[in-house]
Amino acid sequence: MAIFYDDPLERLNQPIKTKSYRKKQVVQRVHVFIFDNWKLILLGILNLIFLIIAIVFAILFFVGSADCAQLPDYTTSPASQLTTSAISSRTSEVQTNAITTTQGTPSNKTSTTTPSTSKVICASGFTLVGTKCGKLVSSNQPRTEADSICKGYGGSTLFSVRNEQETRDMLDFVKDSNIDFLWTGLVCNQTARTSCIWDVKSGTTADYNNFADGFPNVVYGYCIYFIVTGNSAGQWGSEQCSQLMNFVCELPTTIRDPDCKYNYNKNCYIRFDITLTIPQAQRFCNEKGADLVSIHSANENRFILTIYDIHGQILLGGLAPAVDFIVWLDGSPTTYSNLLYFYDTRSCVLMTVARGGPYDGDWYTMNCNVQEFFLCKRAIDF
């Protein structure tokens, strides 16, 4: 609404909205905005700081590794029982990539070998079951022992069922085996169906379950079995983990590579029992067309443990500027972490290998000048 002044002097006495006044209003609005949104602004600043730290850390790390341009003469470990795994060394090896890819009954000793033109394979002794590889073990074992036996087969786990198709695939796989029940890789510590967890924390039953009526039931037990025969075939029940049952071990498919001893999930792992620092080991692996190993699942972590028969540590190709922040040297994203021991002043990541003992598979940070055995990893070309 317009304001009229009877006296011209009164008009002159009114405050004039100068540029400084408008600037003051802008400052006030900015102040109010910051006050109302300070949490979001602080979160953004922290994320930016973490990003800058990671970039600076990576730059300093590789600049510091320049002193390693001339690598020392590599000496093998004094542990005489260890065998140096060079890429070209394949004599007297078990060929883990001799496989079968046709679905067949596990009770039948014969199997159809894939033609040489097929590259998608299963490890030796495993059969293609849908999109995964399975090995039926016709030996009644308590659940813990069954899991241990599976681990001995290339780090495999007790089988999982994540959808209806996988249920049908498993029933077809064991239909002629004369088996009624199988241990699965599922454990339920509560009665709620969504509370169950697959082995090595590889998922839950939140998206799919096929429990029979009244299950899971912790009164019967925490371990889950798969029903093979009868009207309830394909459904799941609960049982004491000490109960004896047959079981199926599971591995992912991979790609044929006759030059690879340790072949898992379309990657080749090359073990070197020589002691280097992480910068030196990364350069060494690069010269072999690979990278220092990165790990992206609990299943992969489990597989790597089967490569080693020692008590000690191996280098991983990771840097940890923060407990929940790992940068892999091969540039792959961080989708999994088993970093249990983090030290602020130590940023290079190592893994304990202890042949099933305490801390087996645990990760921890250490000074980057420490020298240990290491594992290279390269993708297998399809």
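Using N, Cα and C of the backbone, Cβ positions are placed for all residues, glycine too.
Positions annotated as disulfide bond by Swiss-Prot, on the basis of sequence analysis: CYS150-CYS249, CYS223-CYS241, CYS285-CYS376, CYS348-CYS368. Swiss-Prot lists 129-250 with the feature domain 'C-type lectin 1'. What Swiss-Prot lists as domain 'C-type lectin 2' is 264-377, and the listing cites sequence analysis. The N-linked glycosylation site feature in Swiss-Prot is assigned to ASN108, ASN189. Summarising the annotation, Swiss-Prot assigns region 'Disordered' to 97-116. Marked as topological domain 'Extracellular' by Swiss-Prot on the basis of a curator's inference: 62-382.
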Local Cβ density at CYS285 (disulfide bond) - other Cβ atoms counted within 10 Å: 25
Spatial separation of CYS376 (disulfide bond) from CYS241 (disulfide bond) - C-alpha basis, Å: 37
CB contacts for CYS348 (disulfide bond) [other CB atoms within 10 A, all chains]: 22
Nearest recorded site to CYS285 (disulfide bond) by CA-CA distance, among disulfide-bonded residues CYS150, CYS223, CYS249, CYS348: CYS348
Candidate with sparsest Cβ neighbourhood (10 Å radius) among CYS241, CYS249, CYS376, the listed disulfide-bonded residues: CYS241
Closest of CYS223, CYS348, CYS376 to CYS150 (disulfide bond), Cα positions, disulfide-bonded residues only: CYS223
Coarse DSSP state, helix versus strand versus coil, of CYS285 (disulfide bond): helix
